[in-house]
Amino acid sequence: MWLVTFFLLYSLRKAHTEDVGTSLYFVNDSIQQVTFSSTVGVVIPCPAAGSPSAVLRWYLATGDDIYDVPHIRHVHANGTLQLYPFSPSAFNSFIHDNDYFCTAENSAGKIRSPNIRVKAVFREPYTVRVEDQRSMRGNVAVFKCLIPSSVQEYVSVVSWEKDTVSIIPENRFFITSYGGLYISDVQKEDALSTYRCITKHKYSGETRQSNGARLSVSDADPAESIPTMLDSFQSREVRAGRLVELPCIASGYPNPAIRWLKDGRPLPADGRWAKRITGLSIADLRVEDSGTYICEVTNTFGSAEVTGTLTVIDPLRVTLTPKKLKTGIGSTVILSCALSGSPEYVIRWYRNTDLVVVDDFISIRGISNETLLITAAQKSHSGAYQCFATRKSQTAQDFSIITLEDGTPRIVSSFSEKVVNPGEQFSLMCAAKGAPPPTVTWALDDEPIPRDNGHRTNQYTMSDGTTVSHMNVTSPQIKDGGVYRCTARNSVGSAEYQARINVRGPPSIRAMKNITAVAGRDTFINCRVIGYPYYSIKWYKDSLLLPDNHRQVVFENGTLKLMDVQKGMDEGEYLCSVLIQPQLSISQSVHVTVKVPPLIQPFEFPPASIGQLLYIPCVVSSGDMPIHITWRKDGHVILSGSGVTIESKEFMSSLQISSVSLKHNGNYTCIASNAAATVSRERQLIVRVPPRFVVQPNNQDGIYGKAGVLNCSVDGYPPPKVMWKHAKGSGNPQQYHPIPLTGRIQILPNSSLLIRHVLEEDIGYYLCQASNGVGTDISKSMFLTVKIPAMITSHPNTTIAIKGQSKELNCTARGERPIIIRWEKGDTVIDPDRNMRYAIATKDNGDEVISTLKLKPADRGDSVFFSCHAINSYGEDRGLIQLTVQEPPDPPELEIREVKARSMNLRWTQRFDGNSIITGFDIEYKNKSDSWDFKQSTRNISPTINQANIVDLHPASVYSIRMYSFNKIGRSEPSKELTISTEEAAPDGPPMDVTLQPMTSQSIQVTWKAPKKELQNGVIRGYQIGYRENSPGSNGQYSIVEMKATGDSEVYTLDNLKKFAQYGVVVQAFNRAGTGPSSSEINATTLEDVPSQPPENVRAISITSDVAVISWSEPPRSTLNGVLKGYRVIFWSLYMDGEWGEMQNITTTRERVELRGMEKFTNYSVQVLAYTQAGDGVRSSVLYIQTKEDIPGPPAGIKAVPSSASSVVVSWLPPAKPNGIIRKYTIFCSSPGSGQPAPSEYETSPDQLFYRIAHLNRGQQYMLWVAAVTSAGRGNISEKVTIEPAGKAPAKIISFGGTVTTPWMKDVRLPCNSVGEPVPAIKWTKDSEDSAIPVTVDGHRLIQANGTLVLRSVKAEDSGYYTCTATNTWGFDTIIINLLVQVPPDQPRLTVSKTSASSITLAWIPGDNGGSSIRGFVLQYSVDNSEEWKDVFISSSERSFKLESLKCGTWYKVKLAAKNSVGAGRISEIIEAKTHGREPSFSKDQHLFTHINSTHARLNLQGWSSGGCPITAIVLEYRPKGNWGWQSLRTNSSGEVFLTELREATWYELRMKACNSAGCGNESTQFATLDYDGSTIPPIKSAQGEGDDVKKLFTIACPIILATLGVALLFIIRKKRKEKRLKRLRDAKSLAEMLISKNNRSFDTPVKGPPQGPRLHIDIPRVQLLIEDKEGIKQLGDDKATIPVTDTEFSQAVNPQSFCTGVSLHHPALIQNTGPLIDMSDIRPGTNPVSRKSVKSAHSTRNRYSSQWTLTKCQASTPARTLTSDWRTVGSQHGITVTESDSYSASLSQDTDKGRNSMVSTESASSTYEELARAYEHAKLEEQLQHAKFEITECFISDSSSDQMTTGTTDNADSMTSMSTPSEPGICRFTASPPKPQDSERGKSVAVPIPHRASKSDYCNLPLYVKSDAFFRKPDSHEPCPVVPPREASIRSLARGYHPPARHLTLDPAAKPPGLPPPSSSSSSTTLPQRTLPMPTAASTAPAPAPAPAAPAEPPANTTTTTTTHSKVGGSRDSLLEMSTSGAGRAQKQGAGAYSKSYTLV
């Protein structure tokens, strides 16, 4: 129940929540003033708006509507007010200088904006001035920009100039916020400049430049003086939150100190207060900052002070609450207006933009009228209310939307009828809405419900005004049943709802009270029955069953409704009868009485005029008596004394007014009431009033041209109509004529007449006449007199005077006398008594006055605006006269823009043109040493030109130059003389002896000699080599490269050229001045290269089952890169199991080839490439083709077994070569002795591989064979088997054994179908190391009923030999299945073989292929500091790749992963390599500055060296020394750069930054500009200022602090590293102990003698291959990457007598990111994916060409030491082994990057004599190596068991490593580079391992270097090859077999080569020999190890083959650390191998 109630309430809230939301708003109510230029106009958007769209209107502040004035004012449809540009004569103050406001109105109400002051500003001519100032050295100077007061409000200072250069506020120059210029610490040179201010008009945008003012600086030492105020303030008024600057600056000597006081007290400590040289600055002003401020300046000779007042104005803010209100009629509304800000304000209230008038309903309360109260609100009170607060010029407002609606309650949610059990609580909910919120009451059967414990009510009001009431009945009884009614009431009305609630129990009827009904209304009578159930409720009246007429309705719940009750008809007894049983009823009666309500007859008020008698009766025509009649006016009781008399009778009441007046207007209501009801009737009384004058017209004066209002205001009802008439003339009016209303003359809303522009013709009488049809019309006349204000009628706008001559200015005025004429010059009134140069004469001329101003004589200062002002009592007018005084011009300011070798560029600025147009310029120049009599000149230069070039000068010469300017008045004085020096010239001769030599397919070497000495014109700085391709189709444009000069002969190599293309080359020399002529073009052709694109249109067509035709077309000629030699077709087969066949290739010169001998019905991949003399080109995309079908080969195997006495079962294997799709199998059965001529034939489906043949004869032999059938026909038959049926059927397996290969994570089925009688039992076992383990059935393994073993989601550990044994009473049978699980390939070994500026060449060696051919490689690379990797997909045959288009000088990260049919394998270690190049550097030998004058500097940036990478940008920053701010200049050119607008005679700091892709280089220097006269300035002197001590302290303290931090950081780092070393040592010991425990495990064949020691693998960087020098070994303790492990430390952890311990070999320069101490990342999981989970991901290992080395030191004292390059192979039992995980060599990089020890890998890694000699010298320093012998050998073991190893030669070895002839005698060379593209055996040498398809003879064809008597007994020709488990090999056999390439170099200090000690007999057959053995020579006396016993020739089929001695070379499953200690008894898995390189020290 409660849950239901909650959902009802929630739905109610959602359904009735109404958003009152304000639909009116202000876009911007802060607009309160708009000033605009008369020449521009203005557009003012309406600040108010509404949603939905509101009607926008504009009004004047007086409330008058505004109207459109064509071309003057217009209101757009969107509410925008536009004032158009206008001339001064069209100015109208009503339009252009008035207050406006805008309103927005929609259904929500109407709001108005604050008043907006709109003011137009005229474009007045004005001048700004700066006066000359005086100051002492070291003091302060203040310049002020003097702006005329008439425009001061609109004009502001925007900048200052010093000698036409804008002043940047810094150092000694400061610009105040109000436009003053302060110069502190005045220097002598400050007097050499002129200072100007620049102003800007805020509204017109017009700028003005002042005159140039000068500063006079006293030459003498400063004189002692008291302080004098230079700038101060008096009062400021600023808004809060802004910044203010109070100026206070004074001069004096000594410099005065400044102290500030506020209200007589020192300034408080506040960060907002800042004392500056310009004064006191206060930020974020607050009201409390207001006060009186005193600035005191004091020195030793006196003091001065200035006092000013600061007033902070807090802006007014108004908040009106509530913002929106929706309530009901009759409620009370309270609006509160809260203000913040200034306390002085006035509040006004508006409703819908009208001022609120206080009446009976509305009152305004509060001290400041801040509260508006509305009582008994009516519908008319709805609307928008605004609270306006005004203080002086500030106005703020806020508004609220009030919505009043009919508040009569209504039920919005209720309950329904229900039946409840006694004691079962229930709750009833009733929700009502109204305004004000109603109150809900409850009744049961028309009686109030008592409040007790059983009945509880709960009522609350929701946020939307809904009242919710609950009636909760906790334990209902029968009496609680009945009709429940909820009634909602408020002051407006009521509403109710009822429904029956039945409580189960015996029915009964409550006593019913008599009912009084109102006639004409509906009445409900409830039958107050309680209890439930009952059958029916019926009503009777006068024994008649109701209803008996249409006005009666009986509802199902027993309620009787009487509609339109009638007296008499509906009165009487009503009986309610309730049928409670079929024959039993109960009843109760009720009496109904009908009362008739009053009925008022209609009445109306007749039209009434003031003073009339009025009588209105109110008659009640019907209704039960008694009836009470009353009257009300406007809802209030009519009081006595109001002039209204009321007379009442029994059924009538009359209202009588003896004399009607205006106060009687209103709504009158007659109310009649009796016992039945109260009724009323309302009518309105309107009193008509004749017109009367409120304001009578009176005679008045109008001013010509101004607006005039003729006042006339009338009142009356209906509102009177006013008409204005006019009678011209000043005499008695004869006749009045109606005045036509125009745009100039209009009638205002108050009836007054508005004349917008009063004219003289408006003189006359005006009549105001009003009428409204009541009484007689009224009228009143008045006389208008027009007064003429003073007006200027004539004056010249502009005039010209000549300097030194007299000039007269005339001005004529008219208007009402007297007229006064005043002359002003600028803003100053001219007084001839004080200034004798001026004279004023005035005379009358009729109705005009003429005034003349005479200047005697005119000078330059008179070039201003003169104004004559005419003034009388009615106005003032002004005439502006611009006087221009002309004179000869000032000399121009000349500057040298650019000086070249043979020319110079001049620029000049004309300072003052003499107020006459400049007509030309003259330039004169001469040699510095000559007099001006020998000058050269250029005359009459056009005045429109401000710069010129002087040519034909001599390089490196000194010239003097000056200028004149002239106008029509005369010629100026000469300008200041400048001195310049010309520069060097570019070379005039080309380089000599240019030759070209092609170097590669993309490079040409260019050689040449310098130009002749006499043509160099300076020092040759470098050369530009231009080259272009001369082949057809090239654009013929030269590409330019640049290099520095190195001597008389030069060499340069052009790279990145097109291959096999002809190029033309030219060379040019350049010096500082430029580039000389180029040499003659010489041509050369680049060398050939391989084709860069494959052949096109490659097609393949299958001709027969073993023949296919491949065709193609020639690649594009442009991609051949040479002479095409032929084509090579590469193809390989794709087997059904997903593996690839052997790759083959065919070479041809034709464009078609026929491939024969292909496998039948086989998919082939085909690629075609073209080759040139340079090698093979790019292969084409792989093309797939399938050969056609042929007849199949014989089935691969056949079995036949007896299944009963008369039947046999034959099974077979599919053909090894099906040559097509097998359609069926045919089984042949023949009996040789039966005499049947033909065998019987049986056919089966292709998916059935066995068949039962029945009905055979017992004891008779039968011969069986099988043939497969394809679409090509029947194939070859299988081997024939003989069988005879037998009664006893022993267990036989008809399935076949063999090898099953599958990818991991797949389900595999191993079949073992058997026959026999009885049915055989099946048992599966799996071979382990020492026994066969039964296969258990679990979730992973399942044995089906037919004997099939199902392995689900196979893993690598599921690989192995599975044996199925079938057994019954008569025998058993066994098959063996070898399961090989393919896994993703192992990680490749990635190395860097070569780098260049834009490329990195990578090489790699693939890892274990996981049992599946490698399909390709994925190479990823990224920039070192980026994690965005790019992918490159590479063919599986590639072993190297060149990354091109890389950034120069950039580190790159590279990683590689291989992919096979299973998926992608482990990612290689991330290696890093850097392309060639470095950041730019600046050569100290280069001259940076080529020219410096007083304002410019020219820089030569050719001194920047690119570092091998092109420079992308050069940034120059410079500043005057001592300044903080830098000016910057950016360029991409390395040529010349100009620094302009420098200060003269100033030292500058310059810093440069040049950047390329490798980084940025920096360079800094200083330079000084020249003085204004061209002289140099002295060096910088160290002058200690205020901040010097702080700077020195900072300079000293910083290094100390940094050093202290560095020491502390070093201490922490060393402590951390020490902890890491200890942890690594513990890890090393733990690993050693673990290896000991593994080593102590027992095997099948225990090793005799001491076990081999564990090998500790420690990750350190790759360094030199041989031995560290003594100094390096001593530094092991300082290694920061790997802890040194000593013999003593290892002896504590392990038994020194039982195995060897590991010692790390270090290099002092180590990188720190080479991995942890024990790095297991190189442990190859082989085919075991589980083991990979414990190995770190390759992504976590990042090596900068680092390698892992392990030094295993045996405790046994032997002189032999072996350095092996692969720690995964078995090490020697005697000696120290250093292992290397990478297969390439490296040396320390020459790169100097910090933190990077990168290694440069070469394509071939070999040791030279020099390296061995150095190692020999190092060995002599070590006591342990005094008698050392160096042996260097190499050994290779294939990592594949492919068919390539069956050839018996090394030619087909895996191409990842190739053996080559040593480059030097005695040194075995190792090459890690991939095969070259043109290698003829490339197809054979590609490392694509083929899955093993072994037969017995596979191991007979192993290469010589794999065979060994120790493992295999040589088979005789008649003896089969011994069966050996696959993937087993002997280290000894490898060493023995691979002896031909082995070489030795013996370096013995004693010249006595010791041999190897002979092994003991006890260990000769069990101890593994050294990994590499030297060739038997005279120098080697060590005997060969004794051979091990031979293996048995033919082990039994059901036993495991073992060997006496063998070693695991490269396990694919077990740990490699385990492998090194495995000893004998471990079976080597197929395909394992090792690649290694070793160096042996004996």
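Note: Cβ is positioned from N, Cα and C throughout, glycine not excepted.
Note that this is a predicted model, so its numbers are computed, not measured.
Shown for the domain 'Ig-like C2-type 3' (227-311): DSSP residue counts in helix, strand and coil, namely 3 helix, 54 strand, 28 coil. Sequence annotations record features per position, and here Swiss-Prot assigns domain 'Ig-like C2-type 3' to 227-311 based on sequence analysis.
Summarising the annotation, Swiss-Prot assigns N-linked glycosylation site to Asn78 (among others). Around Asn78 (N-linked glycosylation site), taking its Cβ as the centre, 10 other Cβ atoms fall within 10 Å, counting all chains.
For the recorded site, Asn472 (N-linked glycosylation site), the DSSP three-state label reads strand. Swiss-Prot lists Asn472 (among others) with the feature N-linked glycosylation site.
Here Asn514 (N-linked glycosylation site) comes close to Val590, His591, Val592, Thr593: these same-chain residues lie at least six apart in sequence, with C-beta atoms under 8 angstroms from its C-beta. Summarising the annotation, Swiss-Prot assigns N-linked glycosylation site to Asn514 (among others).
Taken from Swiss-Prot, the feature N-linked glycosylation site applies to Asn557 (among others), supported by sequence analysis. Within 10 Å of the C-beta of Asn557 (N-linked glycosylation site) we count 17 further C-beta atoms, all protein chains included. In the three-state DSSP reading, Asn557 (N-linked glycosylation site) counts as coil.
Marked as N-linked glycosylation site by Swiss-Prot: Asn667 (among others). DSSP assigns Asn667 (N-linked glycosylation site) to a strand segment in the three-state reduction.
Note on Asn711 (N-linked glycosylation site): other Cβ atoms within 10 Å of its Cβ, all shown chains, come to 17. Annotation source Swiss-Prot lists N-linked glycosylation site at Asn711 (among others), citing sequence analysis.
What Swiss-Prot records for Asn750 (among others) is N-linked glycosylation site, and it gives sequence analysis as the kind of evidence. Classification of Asn750 (N-linked glycosylation site) by DSSP places it in coil, neither helical nor stranded.
The annotation N-linked glycosylation site is assigned in Swiss-Prot to Asn810 (among others). Around the Cβ of Asn810 (N-linked glycosylation site), a 10 Å sphere holds 15 further Cβ atoms from the protein chains shown.
For Asn1083 (among others), the entry in Swiss-Prot reads N-linked glycosylation site. Taking the Cβ of Asn1083 (N-linked glycosylation site) as reference, residues of its chain lying under 8 Å away and at least six apart in sequence are, in sequence order, Leu996, Asn1030, Gln1062, Tyr1063, Gly1064, Val1065.
Residues or ranges marked as N-linked glycosylation site in Swiss-Prot: Asn1145 (among others).
Counted within 10 Å of its Cβ, the other Cβ atoms near Asn1276 (N-linked glycosylation site) come to 13, all protein chains included. The N-linked glycosylation site annotation in Swiss-Prot covers Asn1276 (among others).
Marked as N-linked glycosylation site by Swiss-Prot: Asn1493 (among others). Shown in sequence order, Ile896, Ile980, Thr1569, Leu1570, Gly1574 are the residues of the chain, 6+ apart in sequence, with a C-beta less than 8 angstroms from the C-beta of Asn1493 (N-linked glycosylation site).
Sequence annotations record features per position, and here Swiss-Prot assigns region 'Disordered' to 1716-1742 (among others).
The region 'Disordered' annotation in Swiss-Prot covers 1781-1805 (among others).
Annotation comment: Swiss-Prot describes 1841-1865 (among others) as region 'Disordered'.
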Asn810 (N-linked glycosylation site) to Asn711 (N-linked glycosylation site) - Cα separation in whole Å: 42
Lowest local Cβ density among Asn472, Asn667, Asn750, which the record lists as glycosylation sites, within 10 Å: Asn667
Glycosylation sites clustered about Asn711 (N-linked glycosylation site) [Cα within 10 Å; pool: Asn472, Asn557, Asn750, Asn1276]: Asn750
Candidate glycosylation sites Asn78, Asn557, Asn1276, pick with smallest Cα gap to Asn472 (N-linked glycosylation site): Asn557
Structural state of Asn1083 (N-linked glycosylation site), classified by DSSP into three states: strand
Cβ packing number for Asn1145 (N-linked glycosylation site), 10 Å threshold: 18
Integer average pLDDT (0 to 100) for the domain 'Ig-like C2-type 3' (227-311): 87
Mapped DSSP class for Asn711 (N-linked glycosylation site), helix or strand or coil: coil
Mapped DSSP class for Asn1276 (N-linked glycosylation site), helix or strand or coil: strand
Separation of alpha carbons, Asn1276 (N-linked glycosylation site) and Asn750 (N-linked glycosylation site) (Å): 128
Rounded Cα-Cα span from Asn667 (N-linked glycosylation site) to Asn78 (N-linked glycosylation site), Å: 41
Spatial separation of Asn1145 (N-linked glycosylation site) from Asn557 (N-linked glycosylation site) - C-alpha basis, Å: 105
